[in-house]
Amino acid sequence: MVQAKTWTLKKHFEGFPTDSNFELRTTELPPLNNGEVLLEALFLSVDPYMRVAAKKLKEGDSMMGEQVARVVESKNSAFPTGTIVVALLGWTSHSISDGNGLRKLPAEWPDKLPLSLALGTVGMPGLTAYFGLLDICGLKGGETVLVNAAAGAVGSVVGQIAKLKGCKVVGTAGSDEKVAYLKKLGFDVAFNYKTVKSLEEALRTASPDGYDCYFDNVGGEFSNTVILQMKTFGRIAICGAISQYNRTGPCPPGPSPEVIIYQQLRMEGFIVTRWQGEVRQKALTDLMNWVSEGKIRYHEYITEGFEKMPAAFMGMLKGDNLGKTIVKA
């Protein structure tokens, strides 16, 4: 019998998550029925959205999330033993599936690319960057793009796609190490928002003419400052609001309606699951090719050990990571 370890939400978050919010449980999995497979987690993802999505869980539920898993036993001919899949299986070491919701890695996945990239640059974060920039912002060559949390899993891909499309890219991050990384990736301007005397002045210096596109991962006062510097007909893709996720008090006021009206700005929130089928497959192929060709670079922040899932999650929310946070089971 296989023992499955699962991290559950012991208590709903109040403010910043702590170890006491999580509980590790062990259950014995039953034998497989016909049509089922037994999966073993290889790599698991922790992402900012989980902080918000956990509100919908009941206490005692498994934490949600994607993982790269291997089929270790199969009674389903579509998924023979050894098949590598990506699926929303949550924070669990082993699971049983009837095959629904399991996505095989593309047959053309290059041997030189780590499997964990299917949770990062060639997975949900990469797709988020791709569609947010190209569809929501409707990016055009020659425009100026601003992205915050730019050294993270999504932001780092946003900046590199924008450069591929012939744009000027300004990125902000929360440490000098991250700023150096952004410059290595080819960002035109990058600065540490925590150490500049004035965010408003730093943004204006980076692009005196303002910004055509703003890819927002942070929200809050940061975004209120940016919106004042958007060009007429500017577009804003609202991907996340990590500055607000752990607040216990009221949120700060939003941006000035007058600015949005008279600058004729377009703001749109989005969730990447909107794009499915052929468009999603094309995006994954584009991302995979760009990475294989060295046009998009990546960095993974890997924590070893399934037992460290909560620590990796909390570290990611604090900004400890450079690039995509991954747990190797």
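Cβ atoms here come from the backbone N, Cα and C positions, even for glycine.
From a predicted model like this one, the values you see are computed outputs, not experimental measurements.
What Swiss-Prot says about this one:
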- THR18: phosphothreonine (MOD_RES)
- SER20: phosphoserine (MOD_RES)
- 152-155, LYS178, TYR193, ASN217, 239-245, 270-272, ASN321: NADP(+) binding site (BINDING)
- LYS178: N6-(2-hydroxyisobutyryl)lysine (MOD_RES)
- LYS178: N6-acetyllysine (MOD_RES)
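A distance of 17 Å separates the Cα atom of GLN244 (NADP(+) binding site) from that of THR18 (phosphothreonine).
Following the DSSP three-state reduction, the secondary structure of SER20 (phosphoserine) is helix. Using CA atoms as reference points, the recorded positions SER20, GLY152, GLY155, ASN217 were checked against LYS178 (N6-(2-hydroxyisobutyryl)lysine), and the closest is GLY152.
In the structure shown, across all protein chains, ALA241 is the one of the binding-site residues ALA241, ILE271 with the greatest number of other Cβ atoms within 10 Å. In this structure the C-alpha atoms belonging to ILE271 (NADP(+) binding site) and SER20 (phosphoserine) are separated by 29 Å.
The Cβ of GLY152 (NADP(+) binding site) has PRO125, ASN217, ASN321, GLY323, LYS324 as same-chain neighbours under 8 Å, each 6 or more residues away in sequence. Between the CA atoms of ALA241 (NADP(+) binding site) and SER20 (phosphoserine) there is a gap of 24 Å, rounded to the nearest whole number. Secondary structure at ASN217 (NADP(+) binding site), taken from DSSP and collapsed to helix, strand or coil, is coil.
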